[in-house]
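Q: Would you mind keeping the following structure in view while I ask a few things?
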């Protein structure tokens, strides 16, 4: 299905002409620090795509604050507005993590650090490997059933209930498992939630995660390109992080390149690719905005819900 009927379509050349009052707010050095492995996001993307997008998010943030203030004044209540939540979804290897870090840094700069912006990934809400193994779904890691949805729902509810301190479980891509420790965020103004599953809906639940979001973004690309980027990233990690003997994937540095490629292709064809087609891709039209990437990693088209 290709249903963009309820979206405005902005080709890159049209989007980049949107007026933004602020100058470039990231340097090349800062971008290099937050860029993910094999993610070729450039300063050109920052100025032409992300700066207009950050302005749009800022407009919606201020509108939400204004409406809340008007409502509280009318109701004669005194309660601060719950955090403004931005959701960022998309496939493995499409560039979500880098984009989420770009959002955080640019929002910090846009508001001159007068707003507390927090970044949360949904990886921490996966069940620990031990639980996945006990349930026989280790090969479904990343699928909806591999997430502790009750814990994620409580996290979102706590945020929207204006709870002062909200606990976030942490995940290590090094050990490929949920960590024992957690992180606490205190009274955030804006929260960016990044993960493959953030726009997924469970028909058996009374609340969907999207019920809590103020703005949602889906990062899209052709599956063949995403698969290629996934394989490239796997081999980059094989030469770097996987070399550490403590890494979960260290054994794959001891086999031949051809064997490693067979393994990585198998993971894509039986797990990541299947999850993309069955669960992730269908959430695209729930997003407020879709960023379409081309083969060269550059954003080619933007779709904004009307």
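Numbers here mean position along the shown chain, with the first residue as 1.
Glycine is treated like the rest: Cβ placed from N, Cα and C.
Sharing the record's features from Swiss-Prot:
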- 90, 91, 92, 93, 94, 95, 96, 97: ATP binding site (BINDING)
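Give me the local environment of each listed feature.
A: Under DSSP, residue 92 (ATP binding site) is assigned to coil, being neither helix nor strand in the three-state scheme.
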Q: What other residues of the same chain, not counting 90, 91, 92, 93, 94, 95, 96, 97, have a CB atom within 8 A of the CB centroid of the ATP site?
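A: Along the chain, the qualifying residues are 196, 219, 226.
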Q: Radius 10 Å, atoms counted are CB only; among the binding-site residues 90, 95, which position scores highest?
A: 90
Q: Would you mind pulling the DSSP three-state label for residue 97 (ATP binding site)?
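A: Going by the DSSP assignment, residue 97 (ATP binding site) falls within a helical segment, counted as helix.
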